[in-house]
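Asks: Here it is: the structure, laid out below.
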Amino acid sequence: MQIVTDPAEMQATADKLRAGRQLIGVVMTMGALHEGHLSLVNLAREHAGTIIMTLFVNPSQFGPGEDFQRYPRPFEKDAAMARSAGVDYLFAPTPEAMYPEGFQTTVSCSGITRRFEGERRPGHFDGVATIVSKLLNITRPHVAVFGEKDAQQLALIRRINRDLDMGVQIVAAPTVRENDGLAVSSRNIYLTGDERQKAPAIHRAIQHAGEMLAAGENDLKAVAAEVAGMITENTQFKLEYAAFVDEESFEPAETVVKEHEYRLLIAAAAERVRLIDNQKFRV
């Protein structure tokens with residue numbers, strides 16, 4: 001595995017790979033790697049022969065009071081995990097390299113981002129859209145793999161890829177879960193012991209939503225309300241939202257239309273970390 005820190009060098013390397021007819025797959029991370037990230041690498045390998053992993057804690061997607069300074073950065077461990085997973089190039093630039101003096105451009109997508117995470121984290125998705133656009137331009141991939149756990153982010157990336165004619169195949173990877181159902185996340189280390197015990201209640205509530213829909217419930221607002229009640233009752237987390245959206249448009253959905261796909265989105269705040277989860281349903 002080759003470690004690259006200079007954007008120009010990474011871009012030149014990617015251009016050479018493309019000239020040699022190598023299919024490039026990219027997996028973007030902020031480090032603190034876990035099994036979820038490794039599953040993205042495995043999926044990327046099914047679509048491409050050369051895998052680039054980006055490792056960059058992006059300051060522009062963190063808001064005031066968020067965890068940019070304390071976000072874990074175990075670089076040596078991450079590099080070892082990437083190497084063991086079969087990553088060919090680890091692109092790990094500095095903030096100064098990605099946002100040099102005089103940098104002025106922001107990529108913004110107003111529709112998909114105006115609710116849910118976008119409403120609660122102002123500026124977050126502008127930071128995501130900007131850095132993803134830059135990293136796609138630098139790594140020149142044919143395929144980019146992103147996890148479904150960050151569903152709104154995935155919808156945003158699909159939209160900017162489409163709107164800006166980037167021509168990258170965006171592949172969605174299923175959420176990886178712990179044995180008790182908790183979605184794997186680098187930030188789970190912030191949970192206290194008691195919070196960690198109660199956190200799987202979120203996934204149980206999602207499963208209950210699936211049971212309600214399978215039994216013929218058509219009122220998505222009622223299903224979401226029951227999900228919210230289960231989470232509030234079984235945890236001390238502050239529920240921020242539990243809502244269904246149309247899978248294609250990401251607009252809020254209230255009533256089932258048969259043979260249609262919806263996604264249940266959930267966010268709940270523990271003492272030091274926000275937990276997000278989601279699930280797609282076809283009804």
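Every residue gets a Cβ built from N, Cα and C, even glycine.
Sharing the record's features from Swiss-Prot:
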type     : residues                      : note
ACT_SITE : H37                           : active site, proton donor
BINDING  : 30-37, 147-150, V176, 184-187 : ATP binding site
BINDING  : Q61                           : beta-alanine binding site
BINDING  : Q61, Q153                     : (R)-pantoate binding site
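Each of the listed features needs to be described in terms of its position in the shown structure.
Replies: In the three-state DSSP scheme, H37 (active site, proton donor) is classed as helix. In the structure as shown, the Cβ atom of H37 (active site, proton donor) sits within 10 Å of 26 other Cβ atoms.
The local packing around M30 (ATP binding site), expressed as other Cβ atoms within 10 Å of its Cβ over all shown chains, amounts to 19.
Around the Cβ of Q61 (beta-alanine binding site), 21 further Cβ atoms fall within 10 Å across all displayed protein chains.
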Asks: Taking just the CA atoms, what is the gap between M30 (ATP binding site) and Q153 ((R)-pantoate binding site) in Å?
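Replies: Rounded to the nearest whole number, the Cα-Cα distance is 14 Å.
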Asks: Roughly how many angstrom lie between the C-alpha atoms of V176 (ATP binding site) and H37 (active site, proton donor)?
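Replies: Computed Cα spacing between V176 (ATP binding site) and H37 (active site, proton donor) is 9 Å.
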Asks: Hey, does DSSP put S186 (ATP binding site) in a helix, a strand, or just coil?
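Replies: Note: S186 (ATP binding site) is helical by DSSP.
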Asks: Applying a 10 Å Cβ distance cut-off over all chains shown, what neighbour count does Q153 ((R)-pantoate binding site) have?
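Replies: Looking across every protein chain shown, the total is 23.
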